[in-house]
Structure formats: C-alpha cells, structure tokens
C-alpha cells in the first residue's frame, strides 16, 4: 500500500510546494511552476508505469532546465532579428520547433527531452508576448518563464528526494542472475534442435530482456555516480549476453546442415535442467571439465558460449558488490571498442519535424489572420503536444491522450474555476487542499497509465487562474479551455493527415545494415576486427522487433546476418594484399546498396555483390583458407541469394 501511495503523495507535494513558493516569491504566473512540477513528475511516472526509480526524475528535470535555457536564448535571438516582422518571427519559431523535433527524433530517447523543450519554449515565449501586445517584453517573459519552470523542477526534485525513491540496483542484481538462467535454457533448446518456434520465442525474449538491462544501466547512472564501476561491468555484460544469444542461435543454425555437430556427451550433459544461477554455475563447471578433456572435438560455438558465460559470471560478482575493478576484469572490459549505432529513422525524424512545423505554422497564420482570442492557448498546446508526442514510439496515441485529457479538463476546470477556487481565496490551506486533491487523484491514475489522465491534469492546471493576483474572468477561462482543446485536436488531425510511411523504408535500411555488417566483418585490419558492433546490431534488431511485431522471418534474417558478422569477425582470414583490396571492394558495394535511393540501382548493386562474393570464395579457395572462413562466407552468400527480394524491397 505504501508503494502505491508514494507517487500520488510525491506529486501532491510537488504541486502544492510549487504553488506556495511561487506566491511567496511574487511570481506573476505561478501556474507555470505548478504545471512544470506536474509534467516533470507525472510524465516520468507515466512513462515508467509507476513511481519512477531514483534519479530518473532528477535527470528529466535537469534536461528540462537545459531545454528551457536553450529555448529562451532562441526566442531572444529570433525576436531581436525579426522584431519588426511578427509573421516572420512566428514562422521562424515554428521552423525552430520543427528543427528541434527532427533532431530529438535522431538522438537517444533519454536526451531528446531537452531538445523537445527547447523547441516549444521559444514558441511559447514569443506567442505569449505577441498575445499581450508587447513584443519588447520578450526578455522579461523569458526571465519569468525560466524562473517559474526552474522553480517547478526544483519542487519536483525535492519531492522525489523527500519521499524515498526506489533504487534500481536490487532489480539489476536479480535480473543478471535470472538472465543467465534464461541463457542456459536457450542453449538447451538450441542443442536439442527440436522446436523451432520455441527457440524463436526464447531468443526474442532474451533480446528484449538484454535491451531492458542496458536501459537499467542508464537508469543506475542517473541515480548516483558511485555506481560507475557497476555501470562499466554492465556495459560489458550487455555484450556478453548478446554474444551468448548469437552463439546459441548459431549452434541451432549449424545443426540444420550438420546434424552431428554436437557430440552425444554434450547433448546428455545439456539435458540437465538449471532453475537458479547456482545450478547454471554447476552445469558450467561440468561443461568446462568436458571441454578440457575433449578439446579436439568440442563444437566451436559451444566453446565460445561457455567462455562468454564464464566472463558473465565473473562480472556478475562485481556488479553485486560494486567493488573495485580487478586486473582480470579490466582485461575483459578493455578488450573491445564498442561502436554506437547510427539512427536508421532519418525519414521518420523528418516526418516528425514536418508535422510540428505544419501544425504550428497553420495555427500561427490562422491566429494572426483572424485575431482569434483563443489563438495563443491553441498555439501553446500545438507546440507542447507536437514536441512531446513526436518523440514517442506511437505519436498518435499520445495525441489522443491529450485530446481526451483536454476534453475532461473543460468540465473539471470549470468546477474548480467557478466553485472551488473562489471559495479558497481567504485561506491558503484550503487552496493547498484543493490543488493537492487534484494532484493526489491524478497521481493514482497516472501511475496506472490511465489514458487521458496526464493531459487532464496539465489542461486543468493551465486553465485555472493560478496567477498573482488571481482574477476570475469567465471569458478568459472559456478562451483558454477552448484554445487548448482545439490545439490538441488540430495536432491530432495533423498527425493523421501527414502520415508516416517510413516503416518499410526503415525496415529495409535496417536489414541492409545487418548485411553490411556481415560483409564488412571480412577484413584483415586488426583495428577494425577489435570494433564491437554487436550491441549496435542488436539495438537495431530490437527496433526491427518493434517495427514489425510478429514477423518472425525478418527476425531470422537479421539474426542470421548478425551470426555471420560475429563468425566472420573471429575467422582467421589469410593476410595478403589481394584479399585486403577485395575486402574494400565488397564494403564499397555493400555501402552502395544502403545509400542508393532507387530500387533498380539497389538491385543492380545487390546482384553485383553476389557476383563479388562468388569471386571472393574462389579467392579463398586459391589461398587455402581454412573451413572456419569458407563455411560462414558460403553460408552468407547463400542466405543473401535466398532473401534477395526482401533485402532489396520490403
């Protein structure tokens, strides 16, 4: 019960503290501080599906401060440059908002929040100044907005610190053990080589859990810098987990063509179940002893899996203790250079930026042309929704959430505006109870992810006259309520009308990147061979899982290419100038497949790559390359021929 009530109490405290401190400091519009506290605390909890872990709210608050400062500077620059042309000024703000949304769609989700804020903060400041009829007051509005927003953020952070936030460390400690057991179960399924569907489900679940563990590492670093050693171990643990998935899947794949790949003694040993991490540790000891005895007949993939699992267990002890990194661990951590993944959603990001610009620009032009009294509220809501919704995996659902919320905010805001707030003017305690009750009920519903709740809370606070002094002008209330509802509805219509058709394009680009990774692994350059692309490849595989849920064929293609990349990266390719030059040629052709725009050219380069792979196989035979090199190259060439149409055009 305490866990359930902690976040509603935290949100209530943040809202009331922001309101009272805002009035005490004589801020002109304390409602901006209250609304900021609600968005920072409520938005974090809505995303987490409950009370967020320690550090998440502070990190989000810092990003909001950074975004607000950037937005204020942008508003001042735009105003100084175009003070004599209000239309140009508003259009530049719309372009700035679209640019920020485009850029935020390309970077890490954790950091994109600051750019989203920077985009609509500039728009809000200029729109507010324009609505008041004094563009020369933009610097004053910028300072006021900064003060109010920072106050709201500090109140949210203070509430988070007082009401004992949860640490994610215990969850990580339990997950690393549970993940090892799941890895052993996947290896059992792959060695048994029976149910293909069950194997697909098992490795798909492991990819998701490994990705989730990587996200937990980011969350842990938000909590405190004292987890630095644990974070380094977790980063390498992510690579080891992905390596184990790859080796297990390759074991299954090899048995399709070589049923006798796994010797009987290994099959018998792998039949024993392991329910806990301690059981897996015992099975690992037995496997290592068997490998030491029969070193000449041990399957290569099984040996690689055992090596990765042994290092996994070693790092797990350090993760739980957070002790100093030993020399042995340091050797594991510095063995490879992790390469970050480039975004494959360039077209998706462009669509998001265009949606934001079109929505805000149309609203600006209509407002300036008609002189609509609700225009400023509509513009503010357009900027907020388009900036926040576009960063979500499903912008349409986020926009619907705001539409539902703004619809509820009209009667709820009217109740507060006409009956509750006027009766609290003589008592600060009654005012705190009224706002606190709104925050408490909203907090209960937000942590359950009740659709429309976050929008309703923000919309209700926005239409209330939490200003200094309070003035109950019913016409102004109607204007604000109507403006923000129309703004949310227009944002929804823009998302529906400007459709995002980049799904197939992104899927094809991802599959071709897997192909390029497999081809580029054929190299004799030692620096290139040290580059660890595995986390980036699985990050893109996770994106593919989200883009095409249930399309198991695409997952199998991607996983097969990742397996090919890992096997070729470890292969003992003969070192000579002829092969090195041909490796560069293969990489160039594979890169052209990704970069060209037309399907005809893409098909031409793909067919050229297949011919070059045939020539490469002849070269390997000529230079007496070992089976560990020729076999994965042959498998890669056959796989590319089989799925040529899928890789060229989804």
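For all residues, glycine too, the Cβ spot is worked out from N, Cα and C.
Feature annotations, reproduced from Swiss-Prot:
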TRANSMEM  7-27  transmembrane segment
TRANSMEM  32-52  transmembrane segment
TRANSMEM  61-81  transmembrane segment
TRANSMEM  87-107  transmembrane segment
TRANSMEM  115-135  transmembrane segment
TRANSMEM  148-168  transmembrane segment
TRANSMEM  365-385  transmembrane segment
TRANSMEM  402-422  transmembrane segment
TRANSMEM  426-446  transmembrane segment
TRANSMEM  450-470  transmembrane segment
TRANSMEM  478-498  transmembrane segment
Segment proximity, the transmembrane segment (7-27) to the transmembrane segment (426-446), 3 or more C-beta pairs under 8 Å:
yes
Would you confirm whether the transmembrane segment (61-81) and the transmembrane segment (148-168) meet the contact rule of 3 or more C-beta pairs below 8 angstroms, pairs 6 or more apart in sequence?
yes
Can you tell me which parts of the same chain pack against the transmembrane segment (7-27), counting only residues 6+ beyond its ends and a CB-CB cutoff under 8 A?
33-34, 36-38, 40-42, 45, 50-51, 144, 147-148, 151-152, 155-156, 158-160, 162-163, 428, 431-432, 435-436, 438-444, 446-447, 461, 466, 468
